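Here is the structure we will look at.
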Amino acid sequence: MSRVTVSRLRKMKQEGEKIVSLTAYDASFAWLIEDAGVEVILVGDSLGMVIQGRDSTIPVTLDDMVYHTRAVSHGTRESLLIADMPFASYGSSGQALASAARLMQEGGAQMVKLEVTGEMTEIVHFLAQRGVPVCAHLGLLPQTVHKLGGYKIQGRGEAGEALVRDARAMEAAGADLIVVELIPVEVAKRLSESVSIPVIGIGAGVDCDGQVLVLYDMLGITPGKRPRFSRDFLAEAGSVPAALRLYVESVKKGRFPGPEHRIA
Ligand SMILES: Nc1nc(=O)c2c([nH]1)NC[C@@H]1CN(c3ccc(C(=O)N[C@@H](CCC(=O)O)C(=O)O)cc3)CN21
Ligand SMILES: CC(C)C(=O)C(=O)O
Ligand SMILES: [Mg+2]
């Protein structure tokens, strides 16, 4: 099989086939994840927490992201590889393009992900016009944790409507994919129905076009407390390859997330 493309993901959305995604930070896990049938691999800046042991994603540098993206890229042939743009690496359009270029040229990423609000369509448009595939991350934006005062649910009440508008604006600006994090299930459903690009959710209910989790959460090896929206597939399945296969099957059949993973 050849590389998963943006048009393939769009077709999956149109046909109602769930898109499966997981984070990875090294080549060995990337290979296992791809072998299990995961379409999209994300080198998340969550590596600051699960790999580096920091208490937020803010200390993660562009060099860190390039290093892990390159490692993951050497373990994948078929999955679409997305790299997170780290904190303060996309403060202007020019800086964003330079950062994306490193993740794509040195790291081997096929797409970059930016934590955005509706105010940031200009940067997304600038990247898209220059051939950079963009994933717009909406909802809970972990890179703003010190402004938010914690990892709290976003998009309640009026803010839900704003999120749907932001998603439309991101599509119009040229984004190819959306990730929504920790927002009410009904908002995620409406948002997914409001755009024709695929929407992948985390802590956002089962009605998104696909799901993503942090690898170490779904393997139950994250120290301390795991987010409530996650599930320990390794405990259920008994081995890493079986856990990955169970996750893929559960997402494909709409069995994950279930009502017990609902935040709001
Ligand atoms: N291991 C790990 N998993 C993640 O999903 C993750 C990271 N790290 N690091 C970056 C961000 C931070 N994320 C987080 C972290 C904590 C919660 C959390 O504690 N959520 C509460 C609900 C909060 C609320 O009710 O408003 C929970 O109980 O799950 C959620 C997302 C998601 N991302
Ligand atoms: C949780 C996902 C969406 C992410 O951004 C990360 O792993 O950094
Ligand atoms: Mg991230």
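Glycine residues also receive a Cβ, built from the backbone N, Cα and C atoms like all the rest.
Since the structure is predicted, the reported quantities are computational estimates derived from the model, not experimental observations.
GLU115 is the residue from GLU15, GLU17, GLU106, GLU115 that TrEMBL records in the Mg(2+) site together with ASP45, ASP84. Ranking the recorded positions SER46, ASP84, LYS113, GLU115, GLU181 by how many Cβ atoms sit within 10 Å of each one's Cβ puts ASP84 at the top.
Neighbour list (ASP45 (3-methyl-2-oxobutanoate binding site), Cβ cut-off 8 Å, at least 6 residues apart, same chain): THR57, VAL60, MET65, ASP84, PRO86, PHE87, PRO142, GLN143. Taking ASP45, ASP84, LYS113, GLU115, GLU181 as the candidate recorded positions, the subset whose CB lies under 6 angstroms from any atom of ligand 3 consists of ASP45, ASP84. Screening the binding-site residues SER46, LYS113, GLU115 for a C-beta under 6 A from any atom of ligand 1 leaves SER46.
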